[in-house]
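Enquirer: One structure is given below, represented as C-alpha cells, and several questions about it will come after.
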Amino acid sequence: MTNIRKTHPLAKIINNSLIDLPAPSNISAWWNFGSLLGVCLILQIMTGLFLAMHYTSDTTTAFSSITHICRDVHYGWIIRYMHANGASMFFICLFMHVGRGLYYGSYLFSETWNIGIILLFTVMATAFMGYVLPWGQMSFWGATVITNLLSAIPYIGTDLVEWVWGGFSVDKATLTRFFAFHFILPFIILALTAVHLLFLHETGSNNPSGIPSDSDKIPFHPYYTIKDILGALLLTLALTTLVLFSPDLLGDPDNYIPANPLSTPPHIKPEWYFLFAYAILRSIPNKLGGVLALVFSILILAIIPLLHTSKQRGMMFRPLSQCLFWLLVADLLTLTWIGGQPVEHPFTIIGQLASILYFMIFLVFMPIAGIIENNLSKW
C-alpha cells in the first residue's frame, strides 16, 4: 500500500512543500526567516481575529474599545500587545529576509523576488492601516499626513485623497474603511505567500555559496523542520519577553492620548519600521519629489536583478560587495534614527546624505563593485 502522504491530493501538496521537499544541504540560519514570517502571519491573523471581536471602528468608541480590551476582556491585554509587538517582529523578520535575498543573490529568482516585493508593499499597507485603528493622537495624525501625500499626484491628487478619506478629512468613514482593509489584507497576504512559495518551488532554494545544489539535496523533514521549530521557539521567546516586560517599548506615548483634530503632536512619526522610508520622504523639500523617493526606496528592489553585474551569484566570495552591503545596513539604521528626530539641523543634512547614499549604493556602487570583482578574479 502506498503512503497516503504521497497519494492523497491535499496531503501530496503539503508533502511536496514541507516534508519530501529536496533542500540544499548547506543553507544557514538566514534561511529561517521565511518560515518565521509564516509563523508571524498566522500569529497576527489569530490575535487580530480576537481583537476584531471586541473592537469598534467608530471614531467615538474606537479608543475606548481598545481600553476595554486591555482592562475588561480576559487576557485582552496580552492579545493586544502580542498583536502590536507581533507586527514589529514581523518587520524584523521581513528586513532579515530581504537582506538575505540581497546578500546571497536570491533576487535572480525574478518571479519569487517580484512577488516578494508585492508582499512587502501589502504588509506595509496593512501595518499602516492597523496603526490608525486605536484612534490615538499618532494614529489620527499619522493617517492624515501619510494619506495627504496622495495629494502630490498631479491633477487627480486632491480627488484621490478625498476618495480615500471618504470625506473632507480623516473621520469615521476613513476609520471604518481602514478597519475593513486591515481585516481583509492579511488573507490576501496569505494567498500571495502561497504564490511566492509556488514560484520558489519551481526553482528550488538558493544557498550561501550561490552554486546550484542539485547534486547535493537533503529532505526538508526532519532536517529543516527541526531547524525551523528552533527558530520559531526563539522568535516566540523574544516576542513574549517584549510583551511581558516592556510592551510599550516600540510604541509611541502620544498614542495613549485620544485623537484630537484640534491639537497637533510636536513630532508626527510612524512606527519604527517605517522610519527609514519616512526619513527619505522628509529629506526632499518638494512634496511630489519626496513621495516619489518614498515609493522608489522600496521599488528599487525590483530593478536589482537588472543591475547584477557580477559573475558570481551571492556575496560570499566578494569582499567589495560585502563592504557595500554592510554600508547599506548602517545607512538604513542611520535613516531609521533620523526618521524619529525633529526636522532641524544637523538631522536634516544627515538625512539627505543618508538618502543619497541609499540610492547610490543600489544604482551606482553595487554594479561597479561587481565589475571590479569580475576583473580582480581574472575571469
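Cβ from N, Cα, C; glycine included.
Here Swiss-Prot flags H83, H182 as heme b b562 binding site, drawing on similarity to another entry. Feature annotation from Swiss-Prot assigns heme b b566 binding site to H97, H196; the stated evidence is similarity to another entry. Marked as ubiquinone binding site by Swiss-Prot on the basis of similarity to another entry: H201. If you look up Swiss-Prot, you'll see 33-53, 77-98, 113-133, 178-198, 226-246, 288-308, 320-340, 347-367 marked as transmembrane segment, on the strength of similarity to another entry.
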Enquirer: Closest to H201 (ubiquinone binding site): which of the binding-site residues H83, H97, H182, going by Cα position?
Expert: H97
Enquirer: Rank the binding-site residues H83, H97, H182, H196, H201 by the number of other Cβ atoms within 10 Å of each Cβ, and give the residue at the low end.
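Expert: Least crowded of the binding-site residues H83, H97, H182, H196, H201, by Cβ count within 10 Å, is H201.
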Enquirer: For the transmembrane segment (320-340) and the transmembrane segment (288-308), decide whether they are in contact, meaning at least 3 CB pairs lie under 8 A, counting pairs 6 or more apart in sequence.
Expert: no
